[in-house]
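First comes the structure, then the notes that go with it.
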């Protein structure tokens, strides 16, 4: 790689994400948003999900943050109360800004197992009540490049000279790396950002060359520094995501799918949702097609 790190980040915490049940019959490996790590500013949740029809995530609300869905296998059908609907297929990205409120459904499309990652990115107090919006990019349109045995798909931010078109309300990088055996990576990360790795397949050495290899389904929290260094010493392909963001440094009050700054704002959100006001008006009469089928 052309870039030379001055102070590579080291792993300061590591744990394996174990399967748990979520939604209706879905299985997720949650690494952020669990009891060991409630919040890693600005990240609220990271789930590696696996779901097979008829299981899924039927109609549910959000307020105050963004959900980033990145499909690894299969496809998910998305619907919301504003009439937005579509398929998120393997390799596709949906960056949804819930803002002041959305009610939506995420259900498997077709037979077979659907797998992916869902990341929740917190919004600053000034952005929590903005209008909902979507950024959706098909797999073929995600910025990607390869060099010296390293391939990167740039979901957000930039890497290896290419940049994602995705706009992030909270400054965020989201990089999907694949390293062939014997390859080596140095990826810059802004010094002031929090950053972590989530491993998907293979095993790699992260941060310090003399440290032991890490296998799939591990969350690696990175310490301070100007970037990440990775080696693939194995004879198999290594795949992981590197995610980083500018910390907001604001108080967090969370009740399930609602994330605000104070308990009073959470109480107001619950009331808004119950009475279908302040962004939840369309929830009064809306049911997703998937929910109608489930209830039939």
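The backbone N, Cα and C atoms fix where each Cβ goes, glycine too.
Pulled from TrEMBL, these are the features on record:
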| type | residues | note |
| --- | --- | --- |
| BINDING | 60, 62, 104, 106 | Fe cation binding site |
| DOMAIN | 28-121 | domain 'Pirin N-terminal' |
| DOMAIN | 174-276 | domain 'Pirin C-terminal' |
By the 10 Å Cβ-neighbour count, the most surrounded of the binding-site residues 60, 104 is 104
These are the binding-site residues: 62, 106. Which one scores highest on other Cβ atoms within 10 Å? 106
Rounded mean pLDDT within the domain 'Pirin C-terminal' (174-276) lands at 97
Starting from the Fe cation site formed by 60, 62, 104, 106, give every other residue of that chain whose CB sits within 8 Å of the mean position of their CB atoms, in sequence order. 57, 59, 61, 67, 80, 102, 103, 105, 257
